[in-house]
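**Student:** Reproduced below are the annotations present in TrEMBL:
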REGION    1-33  region 'Disordered'
COMPBIAS  10-26  compositional bias 'Basic and acidic residues'
DOMAIN    94-345  domain 'Nucleoside phosphorylase'
BINDING   135, 179, 180, 181, 182  phosphate binding site
BINDING   258, 260  substrate binding site
Ligand code: R2B
Ligand code: URA
């Protein structure tokens with residue numbers, strides 16, 4: 001059984017390790033255990049919130065060093081607290097959407113712009129704000145920040161530190177972070193959308209292991225369960241694919257680390273691999289990817305509501321190679337984006353901030369007249 005009651009370094013240092021061990025230990029749950037566990041989780045969220053939010057909901061850092069510094073350079077984003085007016089640039093951000101590749105996040109930025117009816121000022125276009133970092137890409141579409149995070153937990157870790165500090169410098173209020181990714185499914189077909197319930201590390205622990213000053217610590221890799229359920233509820237019966245919730249295994253490698261037989265090395269047999277995948281499945285794992293534990297651990301530690309939504313590129317019970325045709329894969333990769341767009345639209349609509357239908361079509365009042373004007377102009381070229 002995976003030790004879901006991982007208990008270390010979860011909130012402040014005023015509480016003893018034992019205290020949190022008890023509070024996270026699911027074994028003391030009895031008849032109405034699920035309710036007790038949820039109530040305790042709420043208590044913990046409240047405690048984390050005290051340390052990670054100012055009274056107006058803006059992000060408070062759990063690092064006293066930052067406010068003592070003359071300037072804070074967010075090196076990998078090519079931004080700085082004194083070189084840029086971060087509040088002016090990013091203060092209205094409500095949703096931070098992250099995904100592996102720069103191109104996918106650029107596509108998402110254009111997609112979400114249309115979905116929320118956001119209009120760019122006339123004559124302007126989306127710019128990669130972090131272009132000069134040559135590391136990550138970042139696009140801002142009104143309240144939505146779209147950022148690429150690269151592959152694997154170290155890359156995500158660096159980005160998360162800087163994104164959380166960016167939220168602090170910009171004075172963003174209660175931002176929500178969502179990872180939009182790809183994964184290998186276990187017992188689910190390619191194209192299935194998977195919302196992570198819990199992120200597990202390679203040893204099936206619901207935590208991320210950090211080595212800090214030579215010491216090993218674990219932080220819970222917890223995601224917001226309510227947000228996961230809210231996202232799941234936005235799946236439509238008309239979607240021509242399944243959207244499910246389950247546990248996600250996060251590995252440090254794509255090949256041997258995910259039990260693939262097709263890496264440059266492989267010292268196990270096909271039956272070893274299948275036994276491992278079956279064991280994962282028996283533990284409720286429905287997909288494998290490479291970023292969820294660090295993403296969950298750092299958002300949780302920062303008191304940030306977060307979710308992971310991935311699309312399966314293959315069913316690992318059937319093979320290892322990712323070989324779906326490009327067009328099919330592109331269509332699959334749009335699926336988590338569609339779900340996240342529904343969520344963002346829903347939240348904005350609740351706040352009365354969703355632009356009307358004309359907004360959603362950009363600045364074109366009449367497509368017919370627009371065409372005529374274009375044709376007229378071309379005639380004079
Ligand atoms: C999914 O896909 C990538 C590996 O191909 C990795 O970033 C992940 O989590
Ligand atoms: N990403 C992964 O990490 N694993 C897969 O099998 C597919 C995508």
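Placement of Cβ uses the backbone N, Cα and C atoms for every residue, glycine included.
Curation does not apply to TrEMBL; its annotations are automatic.
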**Student:** What Cα-Cα separation, expressed in whole Å, is found between residue 182 (phosphate binding site) and residue 260 (substrate binding site)?
**Tutor:** 16
**Student:** Under DSSP, is residue 179 (phosphate binding site) helix, strand or coil?
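**Tutor:** Its secondary structure by DSSP: strand.
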**Student:** Cβ under 6 Å from ligand 1: which of the binding-site residues 135, 179, 180, 182, 258, 260 qualify?
**Tutor:** 182
**Student:** Can you list which of these binding-site residues (181, 182, 260) have a Cβ closer than 6 Å to ligand 2?
**Tutor:** 182
**Student:** Sort residue 260 (substrate binding site) into helix, strand or coil using the DSSP assignment.
**Tutor:** coil
**Student:** In Å, rounded, how far does the Cα of residue 258 (substrate binding site) sit from the Cα of residue 135 (phosphate binding site)?
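**Tutor:** Pair distance, Cα basis, whole Å: 26 Å.
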**Student:** Taking every residue in the domain 'Nucleoside phosphorylase' (94-345), what is their average pLDDT?
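**Tutor:** Here the mean pLDDT over the domain 'Nucleoside phosphorylase' (94-345) amounts to 98.
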**Student:** Nearest by CA distance to residue 260 (substrate binding site): which of the binding-site residues is it, out of 135, 179, 180, 181?
**Tutor:** 181
**Student:** Widest Cα span across the phosphate binders 135, 179, 180, 181, 182, in Å?
**Tutor:** 20
